[in-house]
Amino acid sequence: MNILSRIFARTPSLRTRVVVATAIGAAIPVLIVGTVVWVGITNDRKERLDRKLDEAAGFAIPFVPRGLDEIPRSPNDQDAIITVRRGNLVKSNFDITLPKLTNDYADTYLRGVRYRVRTVEIPAPEPTSIAVGATYDATVAETNNLHRRVLLICGFAIAAAAVFAWLLAAFAVRPFKQLAQQTRSVDAGGEAPRVEVHGATEAVEIAEAMRGMLQRIWNEQNRTKEALASARDFAAVSSHELRTPLTAMRTNLEVLATLDLADDQRKEVLGDVIRTQSRIEATLSALERLAQGELSTSDDHVPVDITELLDRAAHDATRSYPELKVSLVPSPTCIIVGLPAGLRLAVDNAVANAVKHGGATRVQLSAVSSRAGVEIAVDDNGSGVPEDERQVVFERFSRGSTASHSGSGLGLALVAQQAQLHGGTASLETSPLGGARLLLRISAPS
C-alpha cells in the first residue's frame with residue numbers, strides 16, 4: 001500500500017505525460033471511427049440477412065400458384081423457413097410455422113430463438129401470404145467476429161500511438177535530461193557554470209534562463225567572496241597600519257598621565273596625540289573608500305560630465321586650500337559613463353597630494369576626450385615625484401621620498417583603484433608647471 005501511495009504521489013514525468021496525452025489524443029478519433037465502423041458492421045450484417053430473406057421469398061413466390069404442397073426448400077438457403085397462408089390453410093417447409101406479421105421486415109421469437117421475418121402479400125389469383133424467416137445466430141456470430149476485429153484494430157492503433165509517442169518522447173525530453181544533468185553538476189568551483197542545451201525550443205529557452213540565473217548567482221557569489229576578501233584585507237591592513245600610531249598615542253597618554261610636564265612640553269605631547277589621531281582617522285577613511293570601491297559594480301555607473309566635475313573640484317579645492325591657485329583648462333563638454341563619487345575622489349586626492357606632499361601652490365586641471373576615452377590631467381608646480389618612484393607610490397601604504405609623514409599612504413592607491421574600475425590607468429609624469437602631472441586615463445565603453 002505504501003508503494004502504491006508513493007507511486008501515485010509522484011508527479012508523472014514529461015515523457016509519461018506525452019505518452020498519456022498522445023494515447024488520449026489517438027483514442028478519441030480511433031473510438032469515433034471504431035464506433036462508426038461498429039454501427040456500420042451491425043447494420044450491414046442485418047441488411048445482408050434481409051437480402052437473404054428477399055432471395056428466399058423470390059425463390060418461393062413462383063411455386064405458390066402450383067399449390068401449397070409444391071413449395072420446396074430453398075436450395076441456396078437451407079435454413080430459411082418459408083410459411084405460406086391462403087385462407088385457413090397454412091403450409092411451412094419446416095416443422096416451425098412463422099406467425100403472420102405485418103408486411104415488410106419484423107423480428108419475433110420462436111421457441112426462445114430470435115428470428116428475422118420477411119412477409120410478402122400476393123393478392124391474386126387468391127390472397128396469399130408468404131413469410132420467410134431465418135435465425136439471427138449466424139448473423140450475430142459473424143457480427144461479433146467483426147466487432148472483435150474492430151476492437152483489436154482500435155486497441156492496436158491506440159497502443160501503437162502510445163509506443164510511437166514513447167519513442168518520440170525520448171528524443172523530446174533528452175534536452176531536458178541534459179539540462180538536469182548539467183544543472184546537477186553545477187557547484188561552487190572555480191569556473192563559471194555553463195549550461196548548453198540544443199534541441200527543442202522550450203528546452204533552449206529554459207537553458208538560457210537557467211544560464212542567466214546561474215550567471216547572476218555566480219556574480220553575486222563572486223561579489224560576496226570579494227566583499228569577504230576586502231573585509232579580511234581591511235582588518236589585516238588596519239591592524240598593521242594602526243598598531244604603530246595607536247602605540248604612539250598610548251605612550252603619549254601614559255606620559256601625560258604619569259609625568260608632571262611643563263606647559264610647553266605638555267602642549268607638544270598633546271599636539272602629537274592630535275596629529276596621530278588625525279592620521280588614524282585619515283587612514284580609516286581611506287581604507288573605507290578603498291573597500292567601497294572594490295564593492296562597486298557596473299550597475300553603479302551613470303553618465304558623468306567630466307568638465308563640470310573638474311569645475312566643482314577646482315572651486316572646492318580653492319576653499320579647502322586658500323593659498324592654492326587652482327585653474328581649469330577650458331574644454332568642450334565631455335560626458336562619460338562612470339562612478340561620479342569615485343572620479344571626484346580621484347581628482348580630490350590628486351590635488352591633496354600635490355599640496356600636502358609636493359608643496360604645490362598652483363594646480364591646473366584639464367580633460368581631453370578622444371575615441372579611446374578621456375584623459376584627465378592634474379598638473380602642479382610642487383616638488384614632483386622621482387622617476388624611479390612613480391610606479392611604487394600607487395601601491396597601498398607606499399610613500400615617496402618627498403612625501404610628508406602625515407598622510408595615510410593610500411591617496412594615490414585610491415586614484416589607481418578608480419582608474420582600474422573605469423577600465424583605465426593612472427600614471428605620473430613631469431608637469432609643464434615644474435612639478436608632477438597625474439594622468440587618469442578612462443577607457444571609452446566598448
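Every residue gets a Cβ built from N, Cα and C, even glycine.
Here is what Swiss-Prot says about this protein:
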{"type": "DOMAIN", "residues": "172-222", "note": "domain 'HAMP'"}
{"type": "DOMAIN", "residues": "237-446", "note": "domain 'Histidine kinase'"}
{"type": "MOD_RES", "residues": "His240", "note": "phosphohistidine"}
{"type": "TRANSMEM", "residues": "19-39", "note": "transmembrane segment"}
{"type": "TRANSMEM", "residues": "151-171", "note": "transmembrane segment"}
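Taken together, the residues in the domain 'Histidine kinase' (237-446) have a mean pLDDT of 81 on the 0 to 100 scale. Taking Cβ pairs closer than 8 Å, the transmembrane segment (151-171) reaches residues 14-15, 18-19, 21-23, 25-27, 30-31, 33-34, 199 in its own chain, all 6 or more past its ends.
Applying DSSP to the domain 'HAMP' (172-222) sorts its residues as follows: 35 helix, 0 strand, 16 coil.
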